[in-house]
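Lifted from Swiss-Prot, the feature list:
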ACT_SITE  D72  active site, proton acceptor
ACT_SITE  D141  active site, for ring-opening step
ACT_SITE  H143  active site, proton acceptor
ACT_SITE  E148  active site, for ring-opening step
SITE      S151  site 'Part of the allosteric site'
SITE      R158  site 'Part of the allosteric site'
SITE      K160  site 'Part of the allosteric site'
SITE      T161  site 'Part of the allosteric site'
SITE      Y254  site 'Part of the allosteric site'
Amino acid sequence: MRLIPLTTAADVGKWAARHIVEKINAFKPSAERPFILGLPTGTSPLEAYKSLVTMHKAGLVSFKHVVTFNMDEYVGLPTDHPESYHTFMHQNFFNHIDILRENINLLNGNAADTTAECRRYEEKIKSYGKIHLFMGGVGNDGHIAFNEPASSLASRTRIKTLTEETRIANSRFFGGDVSLVPKFALTVGVGTLLDAEEVMILVTGRNKAQALQAAVEGNVNHMWTISCLQLHAKAIMVCDEPSTMELKVKTVKYFRELETESMKNL
């Protein structure tokens with residue numbers, strides 16, 4: 001596992017965006033051989049999306065031959081609802097880049113048969129071979145995507161019941177009213193994430209410190225699903241200073257020394 005200990009959330013976004021651009025450009029994608037990118041929603045990736053849009057407008061990267069798969073979507077929330085993940089992705093990213101509409105993949109939380117929808121999503125991912133890079137965030141309780149504590153580390157895309165803690169945390173997007181936050185969501189599984197060639201998790205804020213500590217210094221544990229990344233051959237944690245507050249000083253120092261070159265010129 002790589003840990004990139006940066007200073008601010010803006011630094012995290014810039015580093016993540018630069019890494020994605022480097023990966024896409026090195027891959028040299030084409031219509032016949034697209035780059036497959038997994039994407040999250042929420043507060044953590046906002047700075048990364050801003051930086052990606054800026055780099056695209058500067059001519060540093062094209063998304064014309066990039067296919068995206070999003071991590072999750074609420075069940076029962078209309079696609080055009082201001083807090084749907086469809087709306088989030090288009091407003092914050094897709095509307096500002098040259099990605100082809102047919103290359104955007106988001107789970108349908110209004111599907112009549114959610115089990116069939118999850119199966120379709122898994123099959124479509126497999127039709128491309130694999131996701132080359134999956135960017136994600138992490139919840140206060142260590143969940144990735146909507147794989148809440150005690151999720152199977154072998155799980156695939158499925159419907160999940162959201163914990164009260166997650167709904168309370170997400171109520172800030174619904175005017176602070178927990179009752180407006182959907183109780184269910186469709187989400188890629190832990191196993192789906194682990195199948196990706198590379199997984200990059202963005203960790204920002206003091207409220208994520210316990211999750212980061214569990215991921216880096218703890219044992220692999222289904223109560224902290226983020227810890228599954230210890231099993232991945234190419235996992236990266238990109239974090240700001242507040243999120244490292246629960247890590248041992250020597251842990252942060254160790255990774256800072258290892259990643260000195262990669263953290264330059266942000």
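Quick reminder: no glycine exception, Cβ is built from N, Cα and C everywhere.
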Exercise. Counting across all protein chains shown, how many other Cβ atoms sit within 10 Å of the Cβ of T161 (site 'Part of the allosteric site')?
Worked result: 12
Seminar exercise, completed: Per the 10 Å Cα distance test against D141 (active site, for ring-opening step), the recorded positions D72, E148, R158, K160, Y254 reduce to E148
Problem set entry | Residue from H143, S151, R158, K160, T161 whose C-alpha is spatially nearest that of Y254 (site 'Part of the allosteric site'), among the recorded positions | H143
Exercise. Expressed to the nearest Å, what is the distance separating K160 (site 'Part of the allosteric site') and S151 (site 'Part of the allosteric site') at their Cα atoms?
Worked result: 9
Seminar exercise, completed: For D72 (active site, proton acceptor), the closest of the recorded positions by C-alpha position, picking from H143, E148, S151, R158, T161, is R158
Problem set entry | Cα proximity to H143 (active site, proton acceptor), best match among recorded sites S151, R158, T161 | S151
For this session: Express the distance between the Cα positions of S151 (site 'Part of the allosteric site') and T161 (site 'Part of the allosteric site') as a whole number of Å.
Result: 11
Problem set entry | DSSP-derived structure type at Y254 (site 'Part of the allosteric site'), helix or strand or else coil | helix
